[in-house]
Every structure is written in structure tokens, then in C-alpha cells.
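For reference, the structure discussed in these notes is given below.
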């Protein structure tokens, strides 16, 4: 447990020193503010090119559209920020030989991986919470129609947190298999975005972690049950594989 | 309620985001001047930071710097 605490603290300090929190905050929170404003401004931007009567039909956005737009950007861009923030956390320490000293002092490898995983999870969940509630505030402020309820925001938050469990675990897995953070990032992106591809097949859709993103529209936990279980199961497998890979890594 | 907001008011609303982008850009350009960089030359990183709003500075912070 001492290793876990020490590494959790170390990751926190490194997050500040390496500007990881700035990256996460930008990737997750920024779009929560930008999206509702841009959506609101869109009719004004296109008003010269489209007849006025069509603008109202084409661009009649509701509060839930602002939330849906934010979640879409979160998946497309926010995920990239999360992946590239976490991508170097194992390989950089191994190949720059910074990990050798704590290990020779008897640090537990599995606790190091768990501390890194939980640190990223806590950070991402925190920024997601802030982002979703900011988005709710702006969406309710700028758009007409039924307001987004707090309970809906919490359910969306819950689904997104589970999805990011998967994203962080797969990023750490690739980080333990590659030498450079950019390769780990590219592989993790490919794996995460391929889950969206999997969702194109109706029969496979409910098993795909990406289904959690899709279900944020309906906000029904019953429908998300299978995807949640599969995602948690995959996360555990990836974590165990990462720990086992980390245990077998030859350190100079 | 801001239902009938005109573009000037909306731009006022966007001001924090624009200021944030500007601060992030300046911060990254100052860091770039003092940092050791990787993958690309410094001038290319400077262009990335200036051209790509928000994404450019963050890509530089995450991928472009040699670790301390």
C-alpha cells in the first residue's frame, strides 16, 4: 500500500509538472463551454448563405442537442487528449530508466500500475464532472425547450466515466508494450475508435464500449447493462495484462 | 434568459474562451523558447501552437517537449 500511496502522489506531482492537467482540462472542459455557444451562433454564421425560413427549420437546437454535441466532441477530441496524456506514463519511465530506483528499493510493480490507473481515472472523472455540469449550465441558459435535469447529467456522467475506464486501461496497456508514447497513443486511439466501428454492426453494438457513448442520448441504464459489464470486464483484463507485462519487462 | 441574443452579446460570452486560447498560446510559446523539443524543429512547433487553436498548444505540451 505504501507504493500505491507514494506513486499516486508522485503521479499527481508529475501531472502538474508535465502540464497533464492543463491538457485534460482543455480536452474535456473547453468543449463543454464552446459547443453550446457555437451551436447558438451557428444560425448567425450561416444566415447570409441560407434563406431565413430554412434556418429555423435546419438549426432549431434544443438543450439536449447541446449535450449531445458536447458528448460527440468529447468522444472525438476529448478521448485523444486523455489517451495522449496517459500514453507515456509507463514506457517513458521504463525506457528513461526512472523506474529502476523505486523498484530496487522494493516498490510493488502491480501497485505502481494501479496507482497510475487510478490517478488518471480520478483526474478524468473530475474534469468530466466539471465539464458536464458546465455544459448543462450553458445549454440550459442558451437554448429553449426542456431543461437538462441533474439526474440525467449524473447518468451521462456515470456512463462516460465507465467508458473512460476502458480508454485509460487500454492506453496503459499499450504504454507497457511500446517504447514511445506516440506509438502507444496511436495504438490506443485505433483501439478506442474501433469500438465505434464495432457499433455499426447491429448485433455487436450492445457489446461495444462505444455503446455507452451512444446510450448517453437515451440515458437508460437498463440498456447499458451489457455494455457496462463488458467494458468493466475488458478494463480488468487490460489491467491484469498491463501488470503482467510490467512484471516481465527487463529493466536495465 | 438569453434567447434573443445578438452576435455582439454572444462574442462577449466567447471572450473567456478567446482569452484562454491566447494565454495558452503565449504560455506555450514562452515554454517553447526555453524547452528542448522532440519530433519537430522549434519553428514548426511554434506554427502548430499559433495555427491550431487549443489543440496546437496541448499537442506541444504533451508530445513536443523533452521531459524535465
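Cβ atoms here come from the backbone N, Cα and C positions, even for glycine.
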Transmembrane segment according to TrEMBL, located in which of A:2-20, A:21-39: A:21-39
TrEMBL annotation (transmembrane segment) - matching range among A:42-61, A:182-201: A:182-201
Two-stretch contact, the transmembrane segment (A:154-175) and the transmembrane segment (A:21-39), at least three Cβ pairs under 8 Å: no
Candidates A:21-39, A:112-134, A:182-201; stretch with most C-beta pairs under 8 Å toward the transmembrane segment (A:74-91): A:21-39
Remote residues contacting the transmembrane segment (A:182-201) - C-beta distance under 8 A, at least 6 residues beyond either end: 75, 79-80, 83-84, 87-88, 91, 166-167, 170-171, 173-175, 207-211, 213-214
Chain residues outside the transmembrane segment (A:226-246) and at least six past its termini with a C-beta under 8 angstroms from it: 90, 109-110, 112-114, 117, 159, 162-163, 165-166, 169-170, 172-173, 175-177, 206-209, 211-212, 215
Long-range neighbours of the transmembrane segment (A:112-134), counting only residues six or more past its ends (CB under 8 A): 3-8, 10-12, 15, 20-21, 24-25, 28-29, 31-33, 70, 74, 82, 85-86, 89-90, 99, 102, 153, 156-157, 160-161, 164-165, 168-169, 172, 176, 239, 242-243, 246
